[in-house]
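A.B. asks: Have a look at the structure that comes next, please.
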Ligand SMILES: Cc1cc2nc3c(=O)[nH]c(=O)nc-3n(C[C@H](O)[C@H](O)[C@H](O)COP(=O)(O)OP(=O)(O)OC[C@H]3O[C@@H](n4cnc5c(N)ncnc54)[C@H](O)[C@@H]3O)c2cc1C
Ligand code: SF4
Ligand code: SF4
C-alpha cells in the first residue's frame, strides 16, 4: 500500500486592495511585523503571519479578513501582492484540503503565541447602535456636495483646521458618532495610479450636521509638513480644505464598528483628544446635547489639548456649553510665557474626578488625536487609577473587554 501523501497547505492571509483604505492600523497592530506596505498596497507576508488574528478586529473596513487556501509552494509573494488592484479568486483547491475547507485559519496555520497588542477595545459598548460599514467602496464610491467649508483656527496661526460639511442629497449614508468616511482625492500619484482614499472622522451626530438633514461634517487639518517637519502638500487634506460650496467629492465608507458611543443615557463619556481628534468628541457631545434627557445621570468629561487657544478647533462653541452638561478641561502646550501643559497634565490635576469615573462601570473612555498622545494618556490613567487604590492592569483588561476603552490615533 502507498504511504499517505503529505500536502503542505496554507490558508494565506490577504488584504483586499479594493476595500483597504491604507490606514496603517493593521501594520501597527501585528505583533510580529507580518504586514508591510508601499505607496500602492498593504500586504501580509505569508512566511511570517501566524494567523493570530490580532489585526482583524481593529481593521475599520474588514479588508484584512481575506483568506485563500492553496499549496504553500504557490503562496503569493509580497512583491506580487503589492501590484494587485483586486484580490485573486479562490483557485481550485487540492483534494486533500477539502476536509478543511470550512476550517478557520488557525486550523491550518500554526497558531502563534497569544498576543495582547491591541491596547483598546475591539468591541463596541453594549448599548451602541448597530453601524453600517462599507456601503460605498473604491470600486463603487458615492458623491457628496460641499455645503460649507470654513476655517476653525485663527488665521494668524500656522495650523489651518477646516470644518467641512458634505451633503449626500437623496443618497443613503447612515452614520454613527465615532465612525469615519473615506475621501477619494482626484488625480494620480507619480506612478500613475489613482490616489487612494484618506480617512476622516465624522464630526457631526447621526442625525446630521443640521438636524434632520442628510449631511456630515469633517474636521480637517491642512497638512503642509510631513512628520519630520519638511515642507510638503498633503494630497487629500489640501484638496478638502480648498473645496468651495457646490463642489462634488467622491466618498467611500462609512467605516468603523467599535469606536462608537453608548446609547444608554446613564453612561458617562470620558473624552480625551488633541487637534482634529476632537471630531468624534464633537459628534458624541452634540448627540448628547440634542437628546438631553431629563433625569439622566450620564456625565461628560472632556480633556482637549492644542498648542494654543487660537489653534483649538471649536474653541468658542465648546466654551459656551453649559457647565452642568459637560466638564471641559483645556490644555495648551505653547502659550507664550506659560508652562507647557498637555492633556495628561490636565487629567492629573483632576485625578479624584477622573478616578471617580474610572470606578464606575458606566464609564466609556475615548482617546483620539495624534499618535504620540496614546502612551501619555494611558500612563496618566494608570497613575490616576493606582493613586486611588485601583488595580489598573485588571481595570484596563475589563475596560477593553467591555468595549469601554477606545483609542483612535493617527
Ligand atoms: C482613523 C483615522 C481618522 C482620521 N481622522 C482625521 C480627521 O478627522 N481629520 C484629519 O485632518 N485627518 C484625519 N486623519 C488623517 C487623514 O486620513 C490623512 O492622513 C491626512 O489628512 C493627511 O492626508 P494627505 O493626503 O493630506 O497627506 P499625504 O499626501 O497622505 O501625506 C503627505 C505627507 O505628510 C505626512 N502626513 C500625513 N498626515 C500627516 C499629519 N496629520 N501630520 C503631519 N504629517 C502628515 C505623510 O507621512 C506624508 O509624508 C485620520 C486618519 C485615520 C487613520
Ligand atoms: S483598512 Fe484594514 S487592511 Fe487596510 S491598512 Fe487599514 S487596517 Fe490594514
Ligand atoms: S493574523 Fe496576526 S500575524 Fe497575521 S498579519 Fe494579522 S496580526 Fe500579524
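Cβ atoms here come from the backbone N, Cα and C positions, even for glycine.
From TrEMBL, here are the annotated features:
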{"type": "BINDING", "residues": "201, 221, 276, 333, 334, 340, 369, 370, 408", "note": "NADP(+) binding site"}
{"type": "DOMAIN", "residues": "11-40", "note": "domain '4Fe-4S ferredoxin-type'"}
{"type": "DOMAIN", "residues": "42-69", "note": "domain '4Fe-4S ferredoxin-type'"}
{"type": "DOMAIN", "residues": "139-261", "note": "domain 'FAD-binding FR-type'"}
A.B. asks: Across the domain 'FAD-binding FR-type' (139-261), what are the DSSP residue counts per state (helix, strand, coil)?
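C.D. replies: Helix, strand and coil residues of the domain 'FAD-binding FR-type' (139-261) number 7 helix, 46 strand, 70 coil.
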A.B. asks: Could you tell me the mean pLDDT over the domain 'FAD-binding FR-type' (139-261), as a whole number?
C.D. replies: 96
A.B. asks: Far apart in sequence but close in space: which same-chain residues, 6 or more away, have a Cβ under 8 Å from residue 369 (NADP(+) binding site)?
C.D. replies: 273, 274, 275, 276, 277, 278, 305, 409
A.B. asks: Would you work out the biggest C-alpha to C-alpha distance among 201, 221, 276, 333, 334, 340, 369, 370, 408, the residues that bind NADP(+) according to the record, and give it in angstrom as a whole number?
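C.D. replies: Output for NADP(+) binders 201, 221, 276, 333, 334, 340, 369, 370, 408: max Cα distance 28 Å.
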A.B. asks: Below 8 angstroms Cβ to Cβ, which residues of this chain, lying six or more residues outside the domain '4Fe-4S ferredoxin-type' (11-40), approach it?
C.D. replies: 46, 48-52, 54-55, 58-64, 66-70, 75-76, 78, 81-87, 103, 105, 107-109, 112, 115, 117-118, 134, 137-139, 182, 189, 191, 193, 196-199, 252, 255, 410
A.B. asks: List those of the binding-site residues 276, 369, 408 whose Cβ lies under 6 Å from any atom of ligand 1, in sequence order, or write none if there are none.
C.D. replies: 276, 408
A.B. asks: Minimum Cβ neighbour count within 10 Å among the binding-site residues 201, 276: which residue?
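C.D. replies: Per-residue Cβ counts within 10 Å for the binding-site residues 201, 276 bottom out at 276.
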A.B. asks: Tally every other Cβ atom lying within 10 Å of the Cβ atom of residue 334 (NADP(+) binding site).
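C.D. replies: The Cβ of residue 334 (NADP(+) binding site) has 11 Cβ neighbours within 10 Å.
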A.B. asks: Once the DSSP letters are reduced so that anything not helix or strand counts as coil, what is residue 334 (NADP(+) binding site)?
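C.D. replies: Looking at the DSSP assignment, residue 334 (NADP(+) binding site) belongs to neither helix nor strand, so coil.
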A.B. asks: So, by DSSP, how many helix, strand and coil residues make up the domain '4Fe-4S ferredoxin-type' (11-40)?
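C.D. replies: The counts are 5 helix, 7 strand, 18 coil.
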